[in-house]
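The structure appears right after this line, and notes come after that.
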Amino acid sequence: MATSSHSVPEPHVGVRGDDLSRWHGQGRAQSAISNTDISVSGEQEAVPTCDLEFGSGGGRQRGMGVRGHGFLYEQCVQPCLVELLGSTLFVFIGCLSVIEHRPDTGPLQPALAHGLTLGLIIATLGNISGGHFNPAVSLAATLIGGLDLMMLLPYWASQLCGGLIGAALAKAVSPEERFWNASGAAFVTVQEPGQLTGAVVTEVMLTALLALAVCMGAINESTEGPLAPFSIGYSVTVGILAGSAVSGACMNPARAFGPAVVANRWDFHWVYWLGPLLGSLLVGALTRFFIGDKKTRLILKGQ
């Protein structure tokens, strides 16, 4: 037993009461110092992170507020600004291509100008807003879940304002005689009631082709691909080549609205709203019920 007590001494053996208290006090002090070091180091690491993200001098709540504003801007404001910019560029170039159109080229010049411009703008800005630049396309995207319903009206307002700005800029840079000879690039193909049925049906079908390229090429997950911007642009080119003599091949209410305001030409303007919106509704229904993937379809999903 003596050997055992020398080999494994009890903690209090040879330690006086005041030494024991001093030892415990040092332990508590060291523990407190360690905890303080941890807290200080934690604060030192947290401060630069907060400063880098949200700026110096702000606390956590300020940082969260800034983050919230940034999220709101990127999710709501920035896409609308991009739709405004893209619609302005598209309508400006489209109007110029019609105003400066040479009769001996037929519809080729406006067809290429519209299609190539749309594909280019979608390729550069599409990742921000989806690259609609067309109220009918935004409606189709909303119907199949590619755009939040709350953003539909802001998108429409941005696209219509962009169409108005683009048409006004085209008027500003064009010779007055050419501008009025082209009716301000407004859609004036339909001149009498007998043309209405063919014009509406043509706008429905051409817009359906465009909306189909958007919905299946850029939104539907099982069929989307990197060539979507170009296929969407090609659909506009094909539509103008095929239907310009029947309806003007608008396929876009914003493209018709801006020039109509600037040139004050409203004859049968409703055709270029009714036809494209019906075409987008048709594609939305087809995608939701029949040709969309399992995530998009509402029926016949299988197991």
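Note: Cβ is positioned from N, Cα and C throughout, glycine not excepted.
According to TrEMBL:
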type: REGION; residues: 1-37; note: region 'Disordered'
type: COMPBIAS; residues: 13-22; note: compositional bias 'Basic and acidic residues'
type: COMPBIAS; residues: 28-37; note: compositional bias 'Polar residues'
type: TRANSMEM; residues: 80-99; note: transmembrane segment
type: TRANSMEM; residues: 111-129; note: transmembrane segment
type: TRANSMEM; residues: 136-157; note: transmembrane segment
type: TRANSMEM; residues: 196-219; note: transmembrane segment
type: TRANSMEM; residues: 231-250; note: transmembrane segment
type: TRANSMEM; residues: 270-291; note: transmembrane segment
So are the transmembrane segment (231-250) and the transmembrane segment (80-99) touching or not, going by 3+ C-beta pairs under 8 A with a sequence gap of 6 or more?
no
Determine which recorded stretch among 80-99, 111-129, 136-157, 270-291 has the most C-beta pairs below 8 angstroms with the transmembrane segment (196-219).
270-291
What parts of the chain pack near the transmembrane segment (111-129), using Cβ distances under 8 Å and only residues at least 6 beyond its ends?
78-80, 82-83, 85-86, 89-90, 93-94, 96-97, 155, 218, 228-230, 232-238, 240-241, 244
Quick test of the contact rule: Cβ under 8 Å, at least six residues beyond the ends. What residues does that give for the transmembrane segment (136-157)?
76, 79-80, 83, 129-130, 207, 210-211, 214-215, 218-220, 251-253, 276-277, 279-281, 283-285, 287-288, 292, 296
